[in-house]
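Asks: Quick paste of what Swiss-Prot says about this protein:
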BINDING   GLY34, ARG35, ASN36, GLY37, ALA38, GLY39, LYS40, SER41  ATP binding site
DOMAIN    2-255  domain 'ABC transporter'
Amino acid sequence: MLNADHLHVARDGRAILNDLSIRIAPGCVTALLGRNGAGKSTLLGVLAGDLPAGGLARGATVRGGVALNGEPLHAIDAPRLARLRAVLPQASRPAFAFSAREIVLLGRYPHARRAGALTHADGEIASQALALAGATALEARDVTTLSGGELARVQFARVLAQLWPPPGAAQPPRYLLLDEPTAALDLAHQHQLLDTVRRLSRDWNLGVLTIVHDPNLAARHADRIAMLADGAIVAQGAPADVLRPEPIARCYGFRVRLVDAGDGVAPVIVPA
């Protein structure tokens, strides 16, 4: 379990997260919803260890506790943490002309027995991760020439390579933290990526937290929803329980209604 308890984050005297607690369970996809500036990326940064709880970090005051598999997050050294959790940040374009394959192989360095010494098996994992991300055709491409959506798929393959389970070895629960992974993707690739995330959460025993802006995507692909507003969780639970007009209005300040899609999966959320 990845736990955050009573998180308080403030920057320049302004509260960003206020007494927030959340649990990310292995084998479960949790979608984090909220309007712009609600604190979603800040929460993901604290859970990733980029904003350590218990003091000042990057100009922010962070208080509260974060534990990964029962161990305080701050007590886990960087190499081991990189094997236990992977982070896909919001889109950033590489400044150097790496190939897509080289970017994906970056996810394997935490597993190298010697610094910088990747193996043939690491190369095979990179190829399989590219295939899972629907990015095999991009393998040899210079990443500075890729579109936003193509680059997003390559970076998704990188975090898959980072958490790829070794054959025949028992693994502790691991965690995948995704910051708007579908933002640059077309409709088909949005659903393909989230389908893959949900399947791997079960097959690899991953706890997943993904920030998404479209509640309809969350309704179809998440096991749990957490809604964030003004730095606090205002609703959390199963999609059918949370994605209702009243909680959505509290989260977004926007009135909606639910329309039966006729497929028995989830209603469609549309403006009221």
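Including glycine, each Cβ sits where the backbone N, Cα and C put it.
What's the neighbourhood like for each of these?
Replies: Taken residue by residue with DSSP, ARG35 (ATP binding site) is part of neither helix nor strand, so it is coil. Packing around ARG35 (ATP binding site) is summarised by its Cβ count: 15 other Cβ atoms lie within 10 angstroms of its Cβ, all protein chains included.
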Asks: Which are the residues of the chain, GLY34, ARG35, ASN36, GLY37, ALA38, GLY39, LYS40, SER41 excluded, whose CB is within 8 A of where the CB atoms of the ATP site average out, their centroid?
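Replies: For the ATP site the neighbour list reads LEU228.
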Asks: Out of GLY34, GLY37, GLY39, which of these binding-site residues shows the lowest number of other CB atoms within 10 Å of its CB?
Replies: GLY37
